[in-house]
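Here's the structure, in structure tokens; my notes come after.
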Amino acid sequence: MYDEAMSFCKAYHDTFSALYKLDSFDETVIDKIFQDIKINLIETKVCTPSNILYIIPEIVRFRCQYFKSYWFLFKKVYDEYQPGKLIINSDPFQYLMFKEYGIPCNEEVIEECKDLTMDVYEKCTINRAIMENDLQTFIKFTELEDFDENQTLHSIFYPRSMTLLELCCYHGSVDCFKLLISKFGLDITENCFGLSFLSGKPDIVNECLKYTNLKDPFLNDDRIKYAMVSHNIDFVSFLMNECNIHTILINCTRYNNIQAFLMYLDQTKSINKCFVESPAFNLLPLCEYLLSKGADINAKNELGETCLFSAANYGNAELIEFLISHGADVNARNDNKCTPLFEAANKNNKEAIECLIAHGADVNAINSLGDNPLFYLLASHNKELALEIAEIFISNGIDFNKKNEKGMNAFHQAAYISNKNALELFILHGADFASKSSDGKTALHYAAVSNARESYEFLISHDIDVNAKDKDGNTAIHYITLENHRGFYPWETSPNIQKTFGYLVSHGADINAKNNKGKTALQMARDQKNTFMENILKSLGAE
């Protein structure tokens, strides 16, 4: 089965393997990978440019010594395709996009990355000595009077904080690794073995293996992740044969390791299990092949999800059409009673949503928490696209006034996440503006809970009751005080608190309103010993 399937998966495998194994600063090497990505992934619609731009920063967490090369590749893709809104879960990449393209960036990220260097580490640092396996420089650090061989190192590039020995494993610094063991007698940690896969240096891998517990399921889940990222099939094969690991397939798809996926298929013959996850690779021939080998179109994984969930998650309308045409249940339920439409909504996959609805997906399906797909849609990052999709749902009859088990509806959710345009859309289509949750909260309460300025300004401009009370008699003013005490947001570091209170008070909010226990917001602040909040409330007339 392996050889058969690899014959039509080779371009995918070769391209992603080269991407994950990039170990050169040579522009011709980087350009070759870029061309392969264009031809084998983007032009074939296996991946969108946005997919690639999400994957590259993820790889850098595990191969930060080649940050400069990956950034160069990232720029080539971005400059070529100029995609719209991106999801980038990497502070360094967010910062560089801000610096080079003016794309807005969180102030905390800007501050954290202000000293960012393309060389990853500054010269004359112990991190750099380890990265370059510069033994002579490293020895000088170890001879300093205040040298701590047990210190933990942190970086915005690392997947986690690491000890000196772990960092040697991560970077493949054989000489520094051996020195730490011989000179200081450091114990090899359980994390060292997995991290050693990232560099793949046999001296380190073999030494770590001597001290490794291969039966620990928690550690093995981490190890299989690093083995998958390495795209070294020998490491994956070793773990599969020696350890009891339950996360093989999810890590194959997460790190684009189709070779490991096909090896698992070949060894286990778990056709249904592999078929359910196969749409994640976005390769129609792979799904066709598994069906031809007898896969059940509605087989489920351990979460109760069918292949259509995975296809909806990744948004391939052609693949969704194919699966439905072969009998995939468009309204199948997983263990949480979600349908594939929930998956597509959660990822803002517009084409997938339109395709599913066209084939009979129930827009008013309810999951185990009482949510419909609109709740999942509004929780997404891309507010503009979410708004477009919300209109599709509304035009197809979704009940946006439907409340979940907490009594919260889509209007409340839009207020909570500060999506003013969604609030406008719901009002335009007749949303119940004054609706309350099961505990009596209005949309204004939810806006106050999350300090959603756009929401509370919009709601007040539409004459929402600024003094509305929940079942405990708490107003929005009370909620701001409560959430500050719970640490929901760091008011002390933000000037927004005074503006928020001031805005509410200037529009009629009673700063001395009492709840059912007779408590004002000021009394709450005093009970909490929150002098910061107490002083602000007093400055606005609280008594």
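Keep in mind that glycine also has a Cβ here, set from the backbone N, Cα and C atoms.
Just so you know, TrEMBL annotations are computer predictions that nobody has curated.
Taken verbatim from TrEMBL:
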- 186-264: domain 'DUF3447' (DOMAIN)
- 303-335: repeat 'ANK' (REPEAT)
- 336-368: repeat 'ANK' (REPEAT)
- 406-438: repeat 'ANK' (REPEAT)
- 439-471: repeat 'ANK' (REPEAT)
- 472-516: repeat 'ANK' (REPEAT)
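Distant neighbours of the repeat 'ANK' (439-471): 406-408, 411-420, 423-424, 427, 433, 477, 479-480, 483, 488-489, 496, 499-500, 503-504, 507-510, 513, 515; these residues of the same chain sit at least 6 beyond its ends, with a Cβ under 8 Å from one of its Cβ atoms. For the repeat 'ANK' (406-438), the number of residues in each DSSP class (helix H, G, I; strand E, B; coil) is 16 helix, 0 strand, 17 coil. With DSSP classes pooled into helix, strand and coil, the tally for the repeat 'ANK' (303-335) is 17 helix, 0 strand, 16 coil. Model confidence over the domain 'DUF3447' (186-264) is summarised by a mean pLDDT of 91.
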